[in-house]
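A.B. asks: Below is a structure I'd like to ask you about.
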Amino acid sequence: MSLSKSALKSLSSKKTTATSAAAASPFRLPETNSLFLQSISDRPHKRQVRNRCNRRDRVFCLCPSAKSQSALHKLQPITEKNRCYQKKRRKRREMKEKKNNRNKKSNRLNVQTKSAQPKQTAARKQLKRVMMKRENFTKESRHDFMHLERQKAVLELSIMTKRAEIDKMDRAIAAEKKVLKALENQIEKDNRLFEECLKEHEKKSVEARTFFEHEARAKQQKTVEIKKLMAEIVTTESDLEKIEETLVDYKRYKDLLFKLSPVKWQEKQLAKRTNTTDLTKSDSEDKSLKQTSPQSDSEPNNNRPECDISQYEEDPELFFTDPQQLQDLLTELTEQNLSLIQNSARVEETLEELRANINSTKQQIEENEQLLSLQIENMKQRIETEKSRGNKLRQKVQLHVSLNTQDQDVLLDALGDKVSQVHQSCVDDRVTNYSTLEKLTQIESTLSELLQSIESIPEENLELMRKVKESEKRARQREQKLKEHRRSRRRDETLPGAFDG
């Protein structure tokens, strides 16, 4: 719609320009008789028109052909910026034309006031007609005619293009209306489906609420039952603990009575128990031998719970039949305990006296040991100092005796060989004629350089190098240990063969 409005505006502006051009056309006679004055006043306007036509001819040249419409379509701008620029140009042209019209009117009025026109006669009218015919065939009239024809062609082409654009817009609007109708139908369908889904969700939510309430009630009932069962379990556990405590007490009493009974009676009871255990073992062995049924029959028999022997045991026998016997025995035991306590008190007193004596003697012995140890250490130090002095004197005597001229030469030669070996391995592999002192100086210089290079190496690299060296040493040690272990195995294998031979 916005495009159609802009097209209508451009058409209206072009119509105004066309009407103004038709008013100023040379084929229409003016109402007044001031024809020469009008031609003089129209010269600047004609110059402007020429300049515009020249500019348009530079851009494109119109010709009455079938390809003009396509060429105009190509030359017309498409973007909104170009359209705004065209609107501005049209407004400027209209403003300029209005100014020119005003100037023309003012010039005509001035000329009419200044010059009093003479009365027209028939001869003068003929002369004017002849002059008008001559002027019509001048260059300016031809140029104006061409200009008007070009404007007419441009306007027709623009009208055709605008009509085509309007048709396209109408088609696009119809297509969009169809799309909108389809979308409205789709939206209605979606709304219906959405309402149906909402109804289904509401039904499901109601069902879920009822189910949840039912489950919550069942859960509450189950929790109440669980609490009751837990309370019963707690009471039964407390009863069991009490029963176990009483059982432990009864077992203690039984053990005490068994211990208080005489030894011979205890031995008889133990013998009876051993006999009963032997009988039960023999019965179980006989049953295992008699079971000749297949495994299918034996498996359910094995799953049966074994009967406890305690069910078939007779009532435990007691040595004490009357409680008076226990009382008498307890009185005897208390008297014995009192006598034993008295004896233990006496023994403890004697032990304390002995401990005091032992502690005093220990202190004296420790003091004597400390004194003796100090004396022994002093004597050892003296002996060591004297031994060291004796060893030094012996070494001096041996050196004085052994250091002859020949021995010195031999030692120097051996030292020179060792220095040369070190020089070859560390400094230079080639054989040289340097003296031992020169070789030693070279070795010292290499050592100083190596130490400086070690100081310049970062600590991380040094640690890595050390770790690598340590790993190599460990690997060598392992290899040596393996070799020694293999050698020892071979020796162990060869020794029994030698003994057999």
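We count from 1, first residue shown onward.
Positions of Cβ are set from backbone N, Cα and C atoms, glycine also.
Note that the structure is a prediction, hence the values are computed from the model and not measured.
Feature table excerpt (TrEMBL):
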COILED    166-200  coiled coil
COILED    337-396  coiled coil
COMPBIAS  1-25  compositional bias 'Low complexity'
COMPBIAS  84-93  compositional bias 'Basic residues'
COMPBIAS  109-120  compositional bias 'Polar residues'
COMPBIAS  280-289  compositional bias 'Basic and acidic residues'
COMPBIAS  290-304  compositional bias 'Polar residues'
COMPBIAS  468-482  compositional bias 'Basic and acidic residues'
DOMAIN    147-262  domain 'DUF4200'
REGION    1-28  region 'Disordered'
REGION    79-123  region 'Disordered'
REGION    271-309  region 'Disordered'
REGION    468-501  region 'Disordered'
A.B. asks: Could you give me the DSSP helix, strand and coil counts for the compositional bias 'Basic residues' (84-93)?
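C.D. replies: DSSP classes over the compositional bias 'Basic residues' (84-93) add up to 10 helix, 0 strand, 0 coil.
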A.B. asks: Report the DSSP secondary-structure composition of the compositional bias 'Basic and acidic residues' (468-482) as helix, strand and coil residue counts.
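C.D. replies: Output for the compositional bias 'Basic and acidic residues' (468-482) reads 15 helix, 0 strand, 0 coil.
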A.B. asks: Mean pLDDT for the domain 'DUF4200' (147-262), rounded to an integer?
C.D. replies: 89
